[in-house]
Amino acid sequence: MIELRGKSVADAHKTALQNKIAAVGDAVITMAVLLVGNDHGAHMYATFMEKTAKNFGYGFVLRELPETASHDEVVTALRELNDDDTVHGILPLMPMPKHIDTEALIDALDPKKDIDGLTTYNIGLVTAGKGGFAPCTAKACMAILDHYDISVEGKHVVVVGRSQVIGKPVAFMTLAAHGTVTICHSRTPDLANYVKQGDIVIAAAGRPHMITADMIKPGAVVIDVGINELNGKTVGDVDYDAVKDIASAITPVPGGVGSVTTTIMLEAVYEAYHA
Ligand code: NAP
């Protein structure tokens, strides 16, 4: 069994990106985070992203609004970032306060600065296989497969989860890579029957240890996107300890997909700089 560790994938991508950035000269590639309200996780992620971006030599703008900000005030703040030529990529952090219409907000985001592939425009491009910014977590799954030379072509890919940020885009990306793709979700009856057919299983449901050893075909490749708390520990959607003896390759949690996603976002900011 090969453990598909994210660090070596992230390191390889970082090195390639640093080489590209060296060619940029004195220009400051800058990302912005739009943070609204008091969500603890969003604040933690904003701090983490600021440190990561600055350590990488990028500029960083934090546009923070209080919990009481109106929908229109948040849209205005986003439009200001759209119009700011010194800002190349924008990440609106979720969750936002309940009174914010996040769907409408996201469609006010300039698609050329949409580094996490949230806008309908970029979803359309990704779905059509015409490029565009894709969600970084979905790209991280593909980067892991690519780094470890795991071909998708002709394989049966079973994706568990159909969210706009992971399940759907990774399904379209594996389809574009010539996989035969099945998408499962919470209304799929007899999930095990589908997962068992997967040469590649991508678990993105957010349910701790829901993919058990008896659901995995011997030799399958397992990409675990889930990040969950179970008995005080961070675990994936896959019961790693049991599945590792059956799969030919598997990502750990933590240390798998999550450790690649941030580097993929830094790449997206660079792409936005060139857009
Ligand atoms: P989400 O929006 O809640 O979507 C979960 C999806 O899983 C939905 O499509 C849901 O089906 C499906 N699902 C839920 N329970 C299921 C079940 N019992 N059987 C089959 N399908 C089921 O979550 P998300 O944002 O996509 O995130 C998924 C996981 O990835 C979470 O654990 C999250 O923390 C993690 N994540 C990881 C990263 C990373 O970098 N590694 C980044 C973001 C998120 P319905 O559509 O029918 O409801």
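Cβ from N, Cα, C; glycine included.
According to TrEMBL, the protein has these features:
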| type | residues | note |
| --- | --- | --- |
| DOMAIN | 4-116 | domain 'Tetrahydrofolate dehydrogenase/cyclohydrolase catalytic' |
| DOMAIN | 135-273 | domain 'Tetrahydrofolate dehydrogenase/cyclohydrolase NAD(P)-binding' |
| BINDING | GLY161, ARG162, SER163, ILE227 | NADP(+) binding site |
Which whole-number mean pLDDT does the model give the domain 'Tetrahydrofolate dehydrogenase/cyclohydrolase NAD(P)-binding' (135-273)? 98
How many other Cβ atoms sit within 10 Å of the Cβ of SER163 (NADP(+) binding site)? 17
Determine how many residues of the domain 'Tetrahydrofolate dehydrogenase/cyclohydrolase NAD(P)-binding' (135-273) DSSP places in helix, in strand and in coil. 50 helix, 28 strand, 61 coil
State, in Å as a whole number, the widest CA to CA span among the NADP(+)-binding residues GLY161, ARG162, SER163, ILE227 given in the record. 16
Secondary structure content of the domain 'Tetrahydrofolate dehydrogenase/cyclohydrolase catalytic' (4-116), with strand meaning DSSP E or B: 54 helix, 19 strand, 40 coil
So if I draw a 10 Å sphere around the Cβ of ARG162 (NADP(+) binding site), how many other Cβ atoms end up inside it? 17
